[in-house]
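Contents: one structure, followed by commentary.
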Amino acid sequence: MEHVTVSEEPSATLMYHVERPIFSEAYIDSELLHKRKKTPKPYKLRVAEHLCCSSEKVKSVVFGFLPILTWLPSYPLKEYLFGDIVSGISTGVMQLPQGLAYAMLAAVPPVFGLYSSFYPVLLYTFFGTSKHISIGTFAVISLMIGGVAVREAPDSMFMVNGTNSSLVVNIEARDSRRVEVVVALTTLVGIIQFVLGLLRFGFLAIYLTEPLVRGFTTAAAVHVSVSQLKYLLGVKTARFNGPLSVVYSLDAVLRNIADTNIVTLIIGLGCTVFLYIIKQLNERFKKKLLIPIPGEIIVVIVSTGISYGMLMSENYGVDVVGKIPTGLLPPKVPDFSVFPNLFADAVPIAVVGFSITISLAKTFALKYGYSVDGNQELIALGLCNFVSSFFHTFVVTASMSRSLVQESTGGHTEIAGLLASLLVLLVVVAIGFVFQPLPTTVLAAIIMVNLLGMFKQTRDIPVLWRKSKIELAIWLVSFFASVLLGLDYGLAVAMAFAILTVIYRTQRPKNVVLGQIPDTGLYFDVDEYEEAEECSGIKIFQSNSSIYFANSELYVKALKAKTGIDPEKLLDAKKLQLKYAKRDTEGTKTVNQGSLLKKNAVVLLDMELGVTHEVLNGPQKPKHVHTNGQMTEKHIESESEDEFFLQRLTPIHSVILDFTPVNFIDSVGAKTIKSVIKEYATVDVKVVLAGCSRTLLSELRTLQFFSEPVTPDLIFPTIHDAVLQCKRWRDLPVHPNIH
């Protein structure tokens, strides 16, 4: 019976009172709960329903595959069109220089960055579910691609005799081969992402936890910055890939720093300072500016004009972008023969690209109150990369900087991205050749300034130090592994370490003994809360973890340590007591056998566990004490030898295992708990379980946990039920206020 009582005073606490019997799972299953009867459908009927092709199912599949059909028919022109136009132009203006710059990171000619800023963006408009992210080139992915291209097509493969009988690199042949490798890699990444999307593997992103991703992208920023130093200084060095590539690249730049082109350095530093100032102004006055100041396109146009007018390439030796063909290249089938060499690289690129996209998409979706589908995003990215690869593009993902511009300038839908791609198309078709005199140091400046946001992620370190040491460890391992081992190996190490931290958490959970708050049915950690009082003769143990093969033994060790009850040690002590008692009765003592037995009681001091177990109660006389394996004689009393050895070895008669935090248990864990129940029974301590969820109980039944000596009578829905029943078993009085 249950009723609620509310005091008439305004500040009164709402009270409730429940009167019911003590419930065990045996009673609940037999009397209280009855499962709903469900008639399983025949297998043929289930197959027929699954294969049934109704109009609603077709519509759902089509609309799910082409999300544009869900929002375009109801597109509000008056409210959204102007904002999407402004946003599209702003994003497109930003996408042009970034496409050129990130192509350098991908180790392909700049024009392929423009192709990658058009085709995938156009496709995402039809297949994507996010309204605000900007798909296209991105520094991290471009760098990973470039590493593969340089490995598969190094300069050493394209050495030819120069004019002075010296060996020089055939740039045209090298770039052509690198484009083939990058395009094939993009095709493979697209296939992987598309297949994962069809298999509903959108949940993969959860394994790339935020500290891991932020540490990884910060490390990528270090790699990118180091790779751009040679362009900023105008020195000629080889491109390094793999473990310690950052160290080798820095060493190469420093060895050749005497060859720095001063004009190149001045242009690069000037553009860097200008872009940094513009970035700060845009951030400071973003609420007052209709659109951000397009600093990147300004430096591109101005530096291109100056370079063209002053013939910087010919007169000052400044490296420039070079030939940019006008128009679009015809489609071409990728080179499938290199797939076996690229598969190991394609998997991490596919996963990282998707992780960046879905994290940005979810951020904007949460802000504006709509939902994104992770599986559809995988399909959309896969199609963007796969289809576009036939048109000479490299792998794309969402860009944080462009997405922020697209959102802040009033973008409402994917129409903004569509307009941005059309602006890129206009440049490629009509005026791409204009950017041929553009100094590469300007592109390096654009890249490095855009990395500032990633470097700011180092601010996570003090925050994580205060919040979570384990997450800080993930961040640091991800960062240093990626910096030193390279992005591919670094990501693998970081993911492995993140998984190990999950195992570590389950193996090192918080283990506590619970006590009751007086006059309530609430139980809390006795070490943390002074109001919590242990129940006489009962230990309540809670471990904040599930129980499975990796931590089952640790669970038992923690149980024995926290409760102070080790059945094996208690039984050994009992055997020692018997041995010494027999020796004393057979030896020549000043007291006879009868008087010794009358005065025997035992206190076992288990110094190893740091607790005292009273083995027998009674007036203390000469007795035996077991301390760290040594026996000493003291005085106690007892009635007879039989009574002496039948007394309890510990004042604790019951142990309650709180299973409230346990989400799952495997066969090893179930066997472990069952052995604990049997082991404690040998020293007359009853072990019961409390707080098991219905799912956990179902798992225990499946694992055949309920067989002698374990029965459902030992399982209770709450700790309070278990405490009351344990007291009843020992015929102890139950306080009336805690019924």
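Using N, Cα and C of the backbone, Cβ positions are placed for all residues, glycine too.
Annotated in Swiss-Prot:
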- 1-76: topological domain 'Cytoplasmic' (TOPO_DOM)
- 77-106: transmembrane segment (TRANSMEM)
- 128-138: topological domain 'Cytoplasmic' (TOPO_DOM)
- 153-169: topological domain 'Extracellular' (TOPO_DOM)
- 170-199: transmembrane segment (TRANSMEM)
- 200-209: topological domain 'Cytoplasmic' (TOPO_DOM)
- 210-233: transmembrane segment (TRANSMEM)
- 234-244: topological domain 'Extracellular' (TOPO_DOM)
- 257-261: topological domain 'Extracellular' (TOPO_DOM)
- 262-285: transmembrane segment (TRANSMEM)
- 286-294: topological domain 'Cytoplasmic' (TOPO_DOM)
- 295-310: transmembrane segment (TRANSMEM)
- 311-335: topological domain 'Extracellular' (TOPO_DOM)
- 336-370: transmembrane segment (TRANSMEM)
- 374-391: transmembrane segment (TRANSMEM)
- 392-399: topological domain 'Extracellular' (TOPO_DOM)
- 400-409: transmembrane segment (TRANSMEM)
- S401: salicylate binding site (BINDING)
- 410-413: topological domain 'Cytoplasmic' (TOPO_DOM)
- 414-435: transmembrane segment (TRANSMEM)
- 436-439: topological domain 'Extracellular' (TOPO_DOM)
- 440-467: transmembrane segment (TRANSMEM)
- 469-484: transmembrane segment (TRANSMEM)
- 487-507: transmembrane segment (TRANSMEM)
- 508-739: topological domain 'Cytoplasmic' (TOPO_DOM)
- 528-726: domain 'STAS' (DOMAIN)
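440-467 is the stretch from 170-199, 440-467, 487-507 with the greatest number of Cβ pairs below 8 Å to the transmembrane segment (210-233).
Contact between the transmembrane segment (400-409) and the transmembrane segment (469-484) is absent: fewer than three CB pairs lie under 8 Å, with pairs separated by 6 or more positions in sequence.
When pLDDT is averaged over the topological domain 'Cytoplasmic' (128-138), the result is 93. Reduced to three states, the DSSP call for the residue listed as 'salicylate binding site' is helix. Look at the topological domain 'Cytoplasmic' (128-138): DSSP puts its residues at 0 helix, 3 strand, 8 coil. Contacts between the transmembrane segment (262-285) and the transmembrane segment (440-467): present, as 3 or more C-beta pairs lie under 8 angstroms, all at sequence separation of six or more. Counting Cβ pairs closer than 8 Å and at least 6 residues apart in sequence, the transmembrane segment (414-435) and the transmembrane segment (487-507) reach fewer than three and form no contact. Long-range contacts of the topological domain 'Extracellular' (392-399) within the same chain, counting only residues at least 6 positions beyond its ends with a Cβ under 8 Å from a Cβ of the stretch, are 98, 103, 106, 108, 112-113, 115-116, 119-121, 130, 133-138, 141-142, 145, 179, 182-183, 185-186, 189, 329, 332, 349, 352-354, 356-357, 360-361, 381, 384-385. Helix first, then strand, then coil: DSSP counts for the topological domain 'Cytoplasmic' (410-413) stand at 0 helix, 0 strand, 4 coil.
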